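A short write-up of the structure that comes next.
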Amino acid sequence: MSEHGNVDLKPTPGDRFIKFFKRSDVIQSTIFGVIVTVVFVILGGKFYTQWMPKVMSTDMKAIERLMVVFTWIAAPVCGVVLGIALYTFLNRHSGDTPPPEGPATRTNGPVVLGWTVVTSLLALVAVIYGITEMNSSSIATAKNAEDAMVVNVVGNQWVWTFEYPELGVQSHELMLPINRSVAFHVSSVDVNHSFWPVQLGVKVDANKLAETLADTTPTKLGEFDVKCAELCGLYHAYMETTGEVMTKDDFDNWVIAQGGHTA
Ligand SMILES: [Cu+2]
């Protein structure tokens, strides 16, 4: 039986697909969905970057790009969900009158197939882009270990210690020279911590029995936050310090002031 009470000739999949998009509830939901999608695309591209932590390294730049692209990929999915939600909210029923029963979308094969293919493609693009970006940038890997300045990062309930073995310096603040790649050798003397210099876009586990490596290149002068991102006991929330990206001269002066020797 069709909506009109007649028995139709068997419609082709194309007919069913087109007929679906001629329904007034579908048209309205689609309009809402397109608006939501456009809003999220604009938010992702224009404002997201302002809300995220400042970009101070090559890794943070790559992460920012990744977040923006992922927001764009997720926008149409969000559009469909919120579009239907908005339509449903604006056409809600109250009182004793039951809502009219419409044809079920789940039995419309062509529509279900179309949506499955579209969302699968979106997910596939996200996976491929994500993997490519992870390999091409230096996110959480140590590629420049040869010419990089080594910093041993040691987690300890509840303080971070930074050792510069080549310079003979140790500090509780993470000082780094600009535009020089740095290789973090991260470990812990007690429980598991997670080393997170926020604006550098690095977050890596600090374990007791295995050293983890991460590298990045600071690209912007200024202070940044260093936090612990793994619940590590009573004062976990206070296991934070600051760092600073400095010019090479300022960094050398700092090293000498700390009693170290410049490379
Ligand atoms: Cu912690």
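Keep in mind that glycine also has a Cβ here, set from the backbone N, Cα and C atoms.
Keep in mind that TrEMBL annotations are predicted by a computer and have not been checked by a curator.
What TrEMBL says about this protein:
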type: TRANSMEM; residues: 26-45; note: transmembrane segment
type: TRANSMEM; residues: 66-90; note: transmembrane segment
type: TRANSMEM; residues: 110-131; note: transmembrane segment
type: DOMAIN; residues: 146-257; note: domain 'Cytochrome oxidase subunit II copper A binding'
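Same-chain residues lying 6 or more positions outside the transmembrane segment (110-131) and placing a CB less than 8 Å from one of its CB atoms are 13-14, 16-17, 20, 66, 69-70, 73-74, 76-77, 80.
Residue counts for the domain 'Cytochrome oxidase subunit II copper A binding' (146-257) under DSSP (helix as H, G, I; strand as E, B; rest coil) come to 16 helix, 55 strand, 41 coil.
Across the domain 'Cytochrome oxidase subunit II copper A binding' (146-257), mean pLDDT in this model comes to 94.
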